[in-house]
Structure formats: C-alpha cells, structure tokens
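TrEMBL has this to say about the protein:
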type	residues	note
DOMAIN	96-224	domain 'FAD-binding FR-type'
BINDING	Ser159, Arg179, Thr240, Ser302, Arg303, Lys312, Gly340, Leu341, Glu379	NADP(+) binding site
Amino acid sequence: MASPALGSQVAAAASVPVGSDCCFKGTALKGNSNLNFRNKPCIGMALAWKNKTQQSRHLNKVFCMSVQQASRSKVAVKPIELENAKEPPLNLYKPKEPYTATIVSVERIVGPKAPGETCHIVIDHGGNVPYWEGQSYGVIPPGENPKKPGSPNTVRLYSIASTRYGDSFDGKTTSLCVRRAVYYDPETGEEDPSKKGICSNFLCDSKPGDKVQITGPSGKIMLLPEDDPKATHIMIATGTGVAPYRGYLRRMFMEDVPTFKFGGLAWLFLGVANSDSLLYDEEFTNYLQQYPYNFRYDKALSREQKNKNGGKMYVQDKIEEYSDEIFKLLDGGAHIYFCGLKGMMPGIQDTLKRVAEQRGESWDQKLSQLKKNKQWHVEVY
C-alpha cells in the first residue's frame, strides 16, 4: 500500500444543482458567531478544553487553538451510557409528533468563490433525540405545504454531520451540513425566490434560539461498523455528502471513546467544485497530520483540476487513479461508502465496472458479493 497521500489532493466534484432541496447544513457555536470553520476547525474540541480552563484569563487562546495542538490528547465525551445500546435508535419522533429542538448556531463554511452557500448548523436536542453516526434527522420547515393547503410541510432528511456526542461532546446537540437550494431562471439568469428550497433556506436563515421541528433518527445503511476497530473504511462523497464521514472521523480521531479505539485505515475521497467549496477541510487535514498511517484524504476539484484525459476531475476519476489499491482493499474486507447526489453513482459504477473488466473480473458478481458481505453502503439523494 502506498504511504498516506499528502500530495494526492486533486480535483473534482459535482456541486448540488440549483433548485435541489436535498442539502445538508451546519452551524457555528452559540455565542461565538465570529468563529469560522474554514479558519478554526477545532471549535468543537475547543469547547471541551474550555470546560477545563474556566478560570483562564486567555479563553481566546482556547478557541484559536489548532486541532494539532488540541489533539495531543483526545477529547473526553459524555455520557458514556450512549455506548451501551446494542441497536441504533430509530424513529423516536415521527412527522405527526416531531420534537421541538433549538438552533444553537448557523455558520457559512465555504469561501467567497464557492458556487452557492453551505452552512454548518448546530441543533440542541437536549439529549432527547439520540442517534448514531451515519444516521439522519428529518426536519419539518414551518409553514403550509404548497401542494396541500392546510397541511404542514413535508419532512426533509439531512445526514447528521457529528458523532452521537455532538460538537460539544455532551450528547445534547447534533450538527447538519446544509447547502442553500436556490433556483436561477435559465433564460434570464436571475434568481427566482418562488422556487427556492423551503427547508434548506429555513435552516440557513435560522438564528440562535429559533425552534426547529425534527424527526428520527432514521437509517441503518450508513452506520459505522465497529466490530473490527482495525477495519478499512473507504468513504466517497460529493459536496454535503461528506456529512456522515465527518461524524465517523471525529469518532475515530478526535474523541476518546473507551469502547472504540480505531486502529485501521480511513480513506476519504471528497469531490467539490473548487478549493473554496471544500467542507471541513482543515479538520480533515489535521487528522492527516496527526494520524498519517490511519487516514488518507484525496480531493477532486472539478473546476480547478484536470483528469488524465484533459477533462474535469471528478471523484470517479480519483477513484480510477487508485483503483488497484481500492480493489485490493475491498478484496481484503474493506467497507466502501457513497454519499451525495444520486447523479454521482452512474459515473462511479461505470468506472468500477471498467476497472473490474481490466482486471479480468465481473463487476456484477463482485458488487453482489460486496453487498452480501455488507461492505457496500450507499446513501444518495
């Protein structure tokens, strides 16, 4: 296996199409709206350290502390009882009886040159809506359903972007990564507010203290298998599809979880439009520096890099570049995950099929075996 790829940070990804409401979302921390994830990916970790340094005269140093400094020792989490359940919590709150949670913070986490806006949103559920990494929350935006006057809006699902302990490590919050869905008229090029995504705009426009109706948690396909702490996990995402992987990686590399000591390999492929569109990049880069033998991170930037044929670099091109390694890891039992726009899958499937044929294998048979072995995990929208 090649050494962890510090230099293999290339380009490409499908960005969420305008008009799509299937985005994820994130937040800044309560009372610290000036904090920025693009410059301070250590916010959650800093909170834990803050609790230990209440009498310090230099709290700003805590919040500006880099992940590299903070992660010399992992962050303690609580309540540890969240590890006791044998099965994931499912559908504790349903659309007819949702839970009323509170917005803690909303923060834009992309740069000025990113096409569109993506936010990190932290929600306080008071520990009443527990979840596992890889699950989703439903959000019911306020107002009436435009297609059913008199009825509430329908539920929108968002992959959770934090561990079960949340960004404050106390089991009382969850984080979402949401792209604001807007629509531009193809003829005039002007934005049409009447066609904007109802839920994503509600979330991105929320303020600390606002109430939000949530359902769930739901989903089992993207749960992180923890029976083998030395397993290999290959994670492939476009855009906000990186949300569940942020939760995985924080659990693996940031949190001190007594019952889970990760010693395997986590390999993240992230496809976005350009450098300003990268999500949680500094957080991931710090893991790469801290755990070079357990984490690999490859980026595909479609508007900045070219593939081997001179076209735009998409995440499937990056997969093809490392196809020999990926297939060998899959043969050895690695788990592979896909999360993002459903439009990402045909290109990826075509690439994997072509590579399999070049190796003299049947992709259909291989895929069937991967699914049978529960190595294949897909959540697209």
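Each residue, glycine too, has its Cβ placed from N, Cα and C.
The DSSP breakdown of the domain 'FAD-binding FR-type' (96-224) into helical (H, G, I), extended (E, B) and coil residues amounts to 11 helix, 52 strand, 66 coil.
As a whole-number mean, the pLDDT of the domain 'FAD-binding FR-type' (96-224) in this prediction is 94. Neighbour counts were taken as the number of other C-beta atoms within 10 angstroms of each residue's C-beta; across the binding-site residues Ser159, Arg303, the minimum falls on Arg303. Counting every protein chain shown, the number of other Cβ atoms lying within 10 Å of the Cβ of Gly340 (NADP(+) binding site) is 30.
Each of the binding-site residues Thr240, Glu379 was scored by the other Cβ atoms within 10 Å of its Cβ; the lowest score goes to Glu379. Here the binding residues for NADP(+) are Ser159, Arg179, Thr240, Ser302, Arg303, Lys312, Gly340, Leu341, Glu379. Their largest Cα to Cα distance works out to 27 Å.
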